[in-house]
Amino acid sequence: MKSTSKIYTDKDSNLDVIKGKRIAVLGYGSQGRAWAQNLRDSGLNVVVGLEREGKSWELAKSDGIIPLHTKDAVKDADIIVFLVPDMVQRTLWLESVQPYMKKGADLVFAHGFNIHYKLIEPPKDSDVYMIAPKGPGPTVREYYKAGGGVPALVAIQQDVSGTALQKALAIAKGIGATRAGVIPTTFKEETETDLFGEQVILVGGIMELMKAAFETLVEEGYQPEVAYFETINELKMLVDLVYEKGITGMVKAVSDTAKYGGMTVGKFVINEDVRKRMKEALQRIKSGKFAEEWVEEYGRGMPTVVNGLSQVQNSLEEKIGNQLKDLIQKGKPKKS
């Protein structure tokens, strides 16, 4: 098992490395808004690049950030930060960034997908690096304002200047990540592990596990409302325990009956066949097959995603969950 021996913090980073440089943040969604505001509040020169004037444009202005059309934002930028969705980045790069960017400008990413799978091929004279916060944009902003920060990953793809790591850590400091800690990785490792996590547990795995457990109980004649509470609703409480106290803390917090049942039946359900399928899923990611299929799917208007989402929305568990929302919310304590 490989492990990093280095975690970068505030003492390893210096904002002076990028002071005076113009930073163009492309996109003003969840991450873009948080990054732009945090970098601005850290005393850095930030503009936002958007493809069109609309809600994001007006929101940036109301936040005190200068919005520009992407072409105008990148032409004078020393550092260009891609914070638009993965599948938008290649078109944005080809049409609005590459033809207009300044020679030698840095390219920064929050996810390695487009670089790792060569959907974007950067100029040879640009530093290319990644800062990947391990939390959603609103949390990145909230923690920064409170004096904290969300941990992040850092990776260097091209280091033409010899100072790419220093600049990457300065960006990380600017968004507050070095207050917590920044772990070195590679574009390859970040991309493959991120996709794997999404597919086998965070989205795909947990969704299918909840669905299978719920449907098993209902098919055996149990009330769907009771099945929903036992297989879906209670998951949040346990995930919160894992987040706060780790897996050991979660196991210690549940009943002895739950401990025994979980430790015996858990391995029966998540068996070697499941682990084998996980490795197969990982190989699809590593080989580039998943990326190839996803690019094709996106180009066709995402029919698999649209159809799958429709099935989820029309499922019994979703209907029961919607019916129980009022009941669940009713029991929550009122905020003072």
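The backbone N, Cα and C atoms fix where each Cβ goes, glycine too.
Remember, it's a predicted structure, so these values are computed and weren't measured experimentally.
Residues or ranges marked as domain 'KARI N-terminal Rossmann' in Swiss-Prot: 5-185. Per Swiss-Prot, the feature NADP(+) binding site maps to Tyr28, Gly29, Ser30, Gln31, Ser56, Asp86, Met87, Val88, Gln89, Gly137. Positions annotated as active site by Swiss-Prot, on the basis of sequence analysis: His111. Sequence annotations record features per position, and here Swiss-Prot assigns domain 'KARI C-terminal knotted' to 186-331 based on sequence analysis. For Asp194, Glu198, the entry in Swiss-Prot reads Mg(2+) 1 binding site. According to Swiss-Prot, the Mg(2+) 2 binding site annotation covers Asp194, Glu230, Glu234. Annotated substrate binding site per Swiss-Prot: Ser255, in sequence order.
A separation of roughly 21 Å, to the nearest angstrom, links the Cα atoms of Glu234 (Mg(2+) 2 binding site) and Glu198 (Mg(2+) 1 binding site).
Put simply, the two farthest-apart Cα atoms among Tyr28, Gly29, Ser30, Gln31, Ser56, Asp86, Met87, Val88, Gln89, Gly137, the recorded binders of NADP(+), are 19 Å from each other. Here Gln89 (NADP(+) binding site) is compared against the recorded positions His111, Glu198, Glu230, Ser255, and the shortest C-alpha distance is to His111. In the three-state DSSP assignment, the secondary structure recorded for the residue listed as 'substrate binding site' is coil.
For the pair Ser56 (NADP(+) binding site) and Glu230 (Mg(2+) 2 binding site), the Cα-Cα distance reads 40 Å. Reported as a whole number, the C-alpha separation between Asp194 (Mg(2+) 1 binding site) and the residue listed as 'substrate binding site' equals 33 Å. A distance of 45 Å separates the Cα atom of Tyr28 (NADP(+) binding site) from that of Ser255 (substrate binding site). Sequence-distant contacts (6 or more apart, same chain, Cβ under 8 Å) of Ser30 (NADP(+) binding site) comprise Pro136, Gly137, Pro138. Confidence across the domain 'KARI C-terminal knotted' (186-331), taken as the mean pLDDT and rounded to a whole number, stands at 96. Classification of Glu234 (Mg(2+) 2 binding site) by DSSP places it in coil, neither helical nor stranded. The sparsest Cβ neighbourhood within 10 Å, among the listed binding-site residues (Ser56, Glu234), is found at Glu234.
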